[in-house]
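**Student:** Sharing a structure with you now.
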Amino acid sequence: MEIALGPLENGGAMTIRGGGEETAGCSQAAPTAGLGDGSQEPAPRGRGCSARRGAEPGERPLPPQPPELPQSRRSPLEEEEGEGDPGLSVAEEQTLGAGALHHQRVLINISGLRFETQLGTLAQFPNTLLGDPAKRLRYFDPLRNEYFFDRNRPSFDGILYYYQSGGRLRRPVNVSLDVFADEIRFYQLGDEAMERFREDEGFIKDEEKPLPRNEFQRQVWLIFEYPESSGSARAIAIVSVLVILISIITFCLETLPEFKDERELLRHPPVPHQPPAAPALGANGSGAVAPASGSTVAPLLPRTLADPFFIVETTCVIWFTFELLVRFFACPSKAEFSRNIMNIIDIVAIFPYFITLGTELAEQQPGGGGGGQNGQQAMSLAILRVIRLVRVFRIFKLSRHSKGLQILGKTLQASMRELGLLIFFLFIGVILFSSAVYFAEADNQGTHFSSIPDAFWWAVVTMTTVGYGDMRPITVGGKIVGSLCAIAGVLTIALPVPVIVSNFNYFYHRETDHEEQAALKEEPGSQSRGTSLDAGGQRKASWSKASLCKAGGSLETADSVRRGSCLLEKYNLKAKSNVDLRRSLYALCLDTSRETDL
C-alpha cells in the first residue's frame, strides 16, 4: 500500500508505504510539475534527502496524512492576485516558484489570430492594458484559457514588439497612422509611447504654451490670445475681426476718385482770389508787398478731423492700440512677445496712423508750408504714401483668428527650401531664355526686345504662363524660343508643387488631430478616468462595469454585469488580498454565463 502526501515546506514530497519504509523530503523519482504549455519540469529535491531509507533510531516517524487531492486548474481571478497564471495549479506554483512563473506563456487572441508570449514580457510595463493583470482580466476567456481582443490584427505585431523590445514602438507598414494610434490608446501604452511614435512618424512635437502666473493676467491673456478658451474670448475675437474688416474696407474705399476728390477739397480748400496788394514803403525805404487783409491760412487739422475716413481710421487704431497694450502687459514673456511675428504685424499696422498724424501736425506749424520746402514736401509725400501702404498688412491680423491662414503660413514656412529652389530655377530660366530671344530677334527692326534686361519681363510672364502679350517674339526663331520657355516654365513650377501640397496636408491633418484630441479630453469619462476605446470607437467603461463574464464568446446579461459590478465595487479593497472572495466572484461569472447560454 502506498499513499502520496502533499508537498513539504522544503520543496520535497513524502510517500508512506505499507511495508514500514518511508521516504522523507523526496521520492525516488523526482516529481514533475506541469507547466502551462504542457511540458514537464523536475521539481527540486529536498535538502539532504536520499533515494530510499528506513526510519533511523531516534527519529520521530511522521504521522499518517490523508492523500493529496488533485488540484484543479486555477481561475484567472487567483492568477491576477500575482500568484500564477490561468492553467497553473497551486502545487505547480509552489514547486516552480516565482522565477519559473515569470516565464510562463500566455495566449492572446486578436480577432481569431493567436499570439503567444510570456508573462514576464508583459510585466515589463505594468501600467499598460496587457501588463496589468487587473486590466486584462476583463478580456479573459476561461473556456478557451486565453485573452480575447476584438481589435485590429496587423497592428498587434507592433504592439507585441513593444513589449518584446523593451519599449521600441514600430508601426507595421500595412497599418495606417490613425488606426495604429487608436491601438496605442486602446492598449494604454501611455503618452510617452505616443509621443515617441509621433516623432518617429515625422510629427513635430508641439511646444507647451506658457501662461502667466498671476491669475488676473492669465485670464486676460486667455481672453485676448486664445479665442476658443471661453465665451468672452470669442466675443473679443469677433469684435477684433470686425474692426480689421472695417479698417481694410476703409483703406480701399478712400482711394476711389469721388471720395479722393472730396477729401482733397476738404483738406486743401481753394483760397479766394485776392487783388494784388499795392507796394508799400518800408522803414528803410525799400519796397515790400503787404499781405492782404483777407488772406488766411487754411486750418488743415480741424478739416482733417472732420474727414469721415479719418474718424473711422482713428477708431480702428484706438482698438488696435488697446488690444496690443493689453496683450503686452498680460503676456508671460515680454521677450517672446516682441519676437512674435504676429505682434510685429500688429505694430506695423498702427504706426502709419501716428506718422500721418504727426505730418498733419507739422504742416500746422508756422512756416511749415513755405515755398522753399517744396522739394522736401514732395519727398515727404512719397514717403507718406509708402507708409500708408503698410496699412494693407492689417489683413494679416486675421490669421490670429483663422486656422486656415495659420496652416497656410506654416506650410510656406516649412516649404521655404522648395520655394527657394523654385525661385532659383526661375532665375536660371529667365536669364537663359531672355538671352536666347534677344539674339533670335536681334536682326528684326520691329522687335520688342531691345536688350537682354528688357526681355526679363517677357521671360517671367512666359515661364509663369501668364502671357500679357505686351512683348512677343516675331521671327520664327523667337517663337521657338518662346515655346521652349513656356514648356520649361510649366515643368519648373510643377516640380515643387507636390511637396508644398504634402506639407499643407500634413499641417491640416495635424490641426484636425489636435482638435479631436482636445474634444476627447473635454468629454466626460475620458481615458484619464480609466476608460478606453473599442474597435468601433465607442467608449468602454472602467473594468468594474465592463465585461466580467465573457465565456465561450457568449454575451453577458445585464443582471450578471450588475451583480458582478456591485460585488467588485463593494469588496474592491478586500478582493486584492482575499483569494477566496475573488474565486467566488469568478464562480459567479461562470454561473451567469451558463444562464446566458441557456
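Placement of Cβ uses the backbone N, Cα and C atoms for every residue, glycine included.
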**Student:** Hey, in Swiss-Prot do L405 and Q445 share a topological domain, i.e. the same side of the membrane?
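**Tutor:** Going by what Swiss-Prot records, Q445 is on the opposite face of the membrane from L405.
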**Student:** Which range, 264-286, 517-539, does Swiss-Prot list as region 'Disordered'?
**Tutor:** 517-539
**Student:** Could you check which of 117-122, 201-206, 465-470 is flagged in Swiss-Prot as motif 'Selectivity filter'?
**Tutor:** 465-470
**Student:** Averaging the per-residue pLDDT over the topological domain 'Cytoplasmic' (509-598), what integer do you get?
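**Tutor:** Averaged over the topological domain 'Cytoplasmic' (509-598), the predicted model reaches a pLDDT of 46.
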**Student:** Which residues, given as numbers and ranges, are at least 6 beyond the ends of the topological domain 'Cytoplasmic' (331-341) yet have a Cβ under 8 Å from it?
**Tutor:** 210-213, 217, 221, 225
**Student:** In the same chain, who gets a Cβ under 8 Å from the transmembrane segment (381-401) while lying at least 6 residues past its ends?
**Tutor:** 227, 237, 240-241, 244, 247-248, 251, 320, 342, 345-346, 348-349, 351-353, 355-356, 359, 409
